[in-house]
Amino acid sequence: MIRIGQGYDVHKLAYDRDLIIGGVKIPYEKGLLGHSDADVLLHAITDAIIGAIGAGDIGHFFPDTDMVFKDADSAELLAEIWQKVEADGFRLGNLDATIIAEKPKMAPYVEQMKLRIAELLHADSAQVNVKATTTEKLGFTGREEGIASLAVVLLEK
């Protein structure tokens with residue numbers, strides 16, 4: 001059986017927050033604002049995986065109204081979902097993700113992100129692709145108000 005899921009997430013940039021994307025801390029003057037650590041990439045990936053197994057969305061499992069998840073490490077949330085997915089007999093076919101940000105430049109961190117995501121999903125890094133783009137200064141990401149991410153995942157059983 002093959003299952004496909006897609007995920008999307010966006011978070012606002014704010015001062016006095018760490019910028020964590022793909023499980024990697026990126027030095028920058030702003031970070032992403034959210035109930036958890038606001039890792040926009042891991043949230044999109046988690047949502048894609050949840051969608052692939054037909055189990056709703058990330059908010060169903062980790063509601064932002066629950067203080068248990070306040071400042072939660074998104075890598076731990078992804079690992080929790082992945083444990084359920086593996087218990088159901090699925091494994092990663094491949095994952096393709098895009099980070100949409102004007103600044104900071106993501107290229108220096110993409111390889112670290114790939115390795116961290118592969119580790120969390122018990123996969124080879126060749127099964128994980130992460131890329132980044134800008135919106136040519138258009139929209140909220142172009143105005144540097146936030147960062148967005150898209151993810152598509154293929155699961156095999």
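Every residue, even glycine, has its Cβ placed from backbone N, Cα and C.
Here Swiss-Prot flags 9-11, 35-36, 57-59, 62-66, 101-107, 133-136, Phe140, Arg143 as 4-CDP-2-C-methyl-D-erythritol 2-phosphate binding site. According to DSSP, His35 (site 'Transition state stabilizer') sits in a coil region rather than a helix or strand.
Contacts of His11 (divalent metal cation binding site) defined by a Cβ separation under 8 A and a same-chain sequence distance of 6+ are given as Leu32, Leu33, Gly34, Ala38, Val40, His43, Gly146, Ile147, in order along the sequence. Swiss-Prot lists Asp9, His11, His43 with the feature divalent metal cation binding site, giving sequence analysis as the kind of evidence.
A C-beta separation below 8 Å, combined with a sequence spacing of at least six in one chain, links His35 (site 'Transition state stabilizer') to Asp64, Phe69, Lys70, Asp71, Ala72. Marked as site 'Transition state stabilizer' by Swiss-Prot: His35 (among others).
Among the features that Swiss-Prot reports, site 'Transition state stabilizer' is placed at Thr134 (among others). Around Thr134 (site 'Transition state stabilizer'), the same-chain residues six or more apart in sequence whose CB sits under 8 Å from its CB are Ile100, Ala101, Glu102, Thr141, Gly142, listed in sequence order. In the three-state DSSP classification, Thr134 (site 'Transition state stabilizer') falls within coil.
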Around the divalent metal cation site formed by Asp9, His11, His43, list the extra residues of the same chain whose Cβ is within 8 Å of the site's Cβ centroid. Val10, Leu32, Gly34, Ala38, Asp39, Val40, Leu41, Leu42, Ala44, Ala148, Ser149
Pick out which of the binding-site residues Phe62, Phe140 has the most other Cβ atoms within 10 Å of its own Cβ. Phe62
C-beta crowding around Asp66 (4-CDP-2-C-methyl-D-erythritol 2-phosphate binding site), within 10 angstroms: 10
